[in-house]
Amino acid sequence: MTIRFAAATIHTTGEDVDDPSVSSESDSDYAEEDNNFEDWVSDQAQNQSCRSLFDDKAFPSATAARAHDKDVHNFDLRTISAKLELDLHQRIRLINFIRKHAPTPEDVGNLTGAETFFSSDEYLIPQIEDDPLLQLEMDDWSDDEDLSSTDQRPAPPADLPSALRQMQLLERKLAQAHRDMAEYRSLVGQQFDAGRFAEIISEPGPSSAGGLLPRDDDTHYFSSYCENDIHAVMIQDKVRTSTYASFILTNPILFRDAVVLDVGCGTGILSLLAAKSGAKHVYAVDASDIAEKAEQIVKANGLDNVITVIRGKVEEISLPDDVEHVDIIVSEWMGYALLYESMLDSVLQARDRFLKPEGGVMAPSQCRIMFGLCEGSEVLKERIGFWSDVYGFDLSVMANDVYEEAIVDVVGPESMASEPYLLKDLHIKDITTRQLDFTSQFTLVSTTPKRTKIHAFILYFDTFFTTTGEPVPPEVPVKVTKEGDVTLAEVWPVGGKAPPQRRASTGPGLKQKEDKRVTSFSTGPRSQPTHWKQTIFLLRDPIHAEDGTIVTGSFYCKKSANNSRELDVEIHYSVRQNSETTEVGETVVQIYKVR
């Protein structure tokens, strides 16, 4: 199938036409159809704002955006398409790949054309509605199969029969362009969402005529937090809850007389702690039915004069009593692999709407996504090997899809086969929702003492709290909590005993101490396990590593197109046996769902 985006001007190639005559009626019909098509091209490609492929700048046309990318980023879309000999399908996929994963111009320049995304239907769906780069004129694309880059505009016809022949040729090409556009719409509609695609190209079709209901990613998410079990799991996670309690209760100057917003309050445990630490008022917000129980809990603890529970989405609610800004936003928003469930998006909207511009504090203030090599033989045995012999039967077909799903599980510290690598550093005070879809390069060096099979990558996160909200210096290590640590017992009653009471201090040096104090916890294998566990990405083919083996690559993370609460992860990697060798193995690509 050949697909073309219709052109505003189509050059003839001088091919013969059998019928030299065209009726005046068909001429008239053609002219009307041609004008409509010209209008469509003008609207879609020439008069539409177009964003650069590599930054946020917008330009009045696709041509201007391409010129900007060439001048500023030293990247020419036409040149890379010619270099890789891309057909139209592949060019579309390349543009959508760049839009989706935001690689650097250098990364795109290093593509070979053999990458898997060049044949993936996923990248036929436009990443930006009405993307003018996908609607460039055929001249701009220089398609060899129809037009060569050296074609010249034909001379005006010398007589009426010549003019009619040229008009009939143009009519044929125009009709083919219409058919190709309809065929492309049908293909994308079958693979993805025909209604959405019809909206994207601004041409209403049968799939959109009836109107599709908006996709709902929230109902199941919020309803999952209505039950007791999930809150019991979170509160009983001593690393999680005790670290929040430690930060709130050991920083009285920060919380005293502060107005606090608790986003996704659940049972209200963080709101209760903030009230206990001296907060003037706490607004506890949750969109699930758990808000009703939170309100009862607040009353049962005699704090309904300090804590106000608000049922609703933080993106939609207003704070009562004409409150416009809060001093502190506290939230336990982290999910598996840190970003699963996309609750951070809501927290950032709350920050932008309600946190006071100067001196406002986000708790936590910073999270680091850590990445490493994982020996992973136990996970492989439990998730893959198990199926090969079930009561003497081979059920290994059940293991095929396991490699496509990220596994959330706990592994021991001995499974780490490299030092952790900082994949993404999130400063909650400044980061934007757009930056939560990201691409990061990584270099992992094997620390295994002997030749070992590496069966997985491992991902976890470290979380930091500061009273200033400023970034934690890189040299400050995360707190690795061990079972029985004193700091854990101080804020968590053990064996029914009350935690030790500390006399409140308000001396002049207390604020300085608070400003320098960093509270943190890790979800990594070297720390006491948390309910987040670790996220394991099993490899279809293990890496044969020894001490010093180097694994380099790229990590792509983006919200799923099918459910914004889920994550799509793509890992590209290659192996070099040690720092002394220059030979690098083939690049391997694996794609995972985090859900």
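Using the three backbone atoms N, Cα and C, a Cβ is placed for every residue, glycine included.
In TrEMBL, annotation is done automatically, which means it is predicted and not curated.
These come from TrEMBL:
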- 8-39: region 'Disordered' (REGION)
- 26-39: compositional bias 'Acidic residues' (COMPBIAS)
- 82-126: domain 'Protein arginine N-methyltransferase 3-like C2H2 zinc finger' (DOMAIN)
- 160-187: coiled coil (COILED)
- 260-359: domain 'Methyltransferase' (DOMAIN)
- 374-468: domain 'Protein arginine N-methyltransferase' (DOMAIN)
- 494-529: region 'Disordered' (REGION)
- 516-576: domain 'Protein arginine N-methyltransferase' (DOMAIN)
- 519-529: compositional bias 'Polar residues' (COMPBIAS)
Structural state census, the domain 'Methyltransferase' (260-359) (DSSP three-state): 31 helix, 22 strand, 47 coil
Across the domain 'Protein arginine N-methyltransferase 3-like C2H2 zinc finger' (82-126), average pLDDT on the 0 to 100 scale: 89
Number of helical, extended and coil residues in the domain 'Protein arginine N-methyltransferase' (374-468), per DSSP: 27 helix, 40 strand, 28 coil
